[in-house]
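All remarks here apply to the structure that follows.
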Amino acid sequence: MAASKRLVVSCLFLVLLLAEANAQGLKVGFYSKTCPQVEGIVKKVVFAAMKKAPTLGAPLLRMFFHDCFVRGCDGSILLDSSNNQAEKNAVPNLSLRGFGIIDDSKAALEKVCPGIVSCSDILALITRDAMVALEGPSWEVETGRRDGRVSNINEVNLPSPFDNITKLITDFSTKGLNEKDLVVLSGGHTIGMGHCPLMSNRLYNFTGRGDSDPSLDSEYAVNLRKKCKPTDTTTALEMDPGSFKTFDVSYFKLVAKRRGLFQSDAALLDNSRTRAHVLQQARGSTFFHDFGVSMVKMGRIGVLTGHAGEIRNMCRVPN
C-alpha cells in the first residue's frame, strides 16, 4: 500500500514537473515582435462585445477555466465536432457563451498577423479583458501557448457545484493549484448566474429524506425556495445576489454568512485553511491582486509551447 502511494505521489510530481517545464515557454509580451498589436486588437473586440452584452463576462471566465482543467490551456474547448463529441458538447459546457468573440478576435488578428497568434492565447487575453470591462481585476497575461488538436467529450471531468472540500482541494492540487487558488478562483462566482436544478437537492432533499442542507443559512433558504420550486428546471439565480454584474468581494461576504449558492461554495468553510482565506478575501484589500495571480497560475496548466501543437487558422477546427 505504501509503495503504491509513493508511486502515485511520484507520478503526480512528474506531471507537475512537465507542466512547469512547458509553462516556462510562456512569457508576457511573447508576440512583442511578431504581432505587437495583439492585445489592443483583442481588447477592442472584447470591449465592443461586452458593451452590448455585459453578461458574457461570466461564461467567458468559465470557458477559460473549463479549457484549462481539461487537457490544459490548449484551446480544446473551442473545437467543434461533427458528431457532437467535443468538450463543448459536455453537459457542464452547454451553458458557455461567447465563442463568437474568439472567432472575431482571431479573424481580426489574421488580417494583421496571419498564422501567428494561437487561439488558446486569444482566449486567455479575452478572459482578462472581459474582467476589466466589468471594472474587475487586471493582470499581465503570459502568452506563447500553442493550440491542441484534440477535443473529447469523454475527457471532461470538471470540479462540480456539488463537490465537497476534500474533492475540490484534490482536483485543484492535481492541476498545481493550492487552497488559496481554490478560494480566490471561486470568487469568480461574484459574477454570473446559476440555475435551480443545481440547488434543488440543497433545498428539498439534501440527504434523501426531504430535508435541506443544514449549512445553508435558513433565511436564505426560504428566499431560494420562493424562487425555485422542486420541479423548476429553468429559473436562473444570481450567484451573488444584488451584485452579480459587479466583480467585487461580496461573494466572500455571502459565503462567510453561509449564503453561498452551491455546495462547493459552502464547502469552502469546511476546512480551516480555506475558511481563513474566505474571511481574508471578504475584507477586500487583496482580492483583485490575488485573483490575477491565481489566473496566471491557472493559465500555465498543461500548456503546449515550442513546437508542440499548432497555431490554428480558425479556432473552431484544427488545421
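Cβ coordinates are placed from backbone N, Cα and C, and glycine is handled just like the others.
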Task: Of the candidates Cys35, Cys68, Cys73, the one sharing a disulfide with Cys113 in TrEMBL - done: Cys35
Task: Cα distance (Å, whole number) from Cys119 (disulfide bond) to Val70 (Ca(2+) 1 binding site) - done: 16
Open item on the list: Taking only same-chain residues 6+ apart in sequence, whose CB is under 8 Å from that of Asp67 (Ca(2+) 1 binding site), what do you get?
Closed with: Cys73, Asp74, Gly75, Ser76, Ile77, Leu78, Glu87, Ser120, Leu123
Open item on the list: Taking 10 A as the limit, how many CB atoms besides its own sit near the CB of Cys73 (disulfide bond)?
Closed with: 27
- [ ] Could you check which of the binding-site residues (Pro159, His189, Thr190) sits closest to Arg62 (site 'Transition state stabilizer'), going Cα to Cα?
- [x] His189
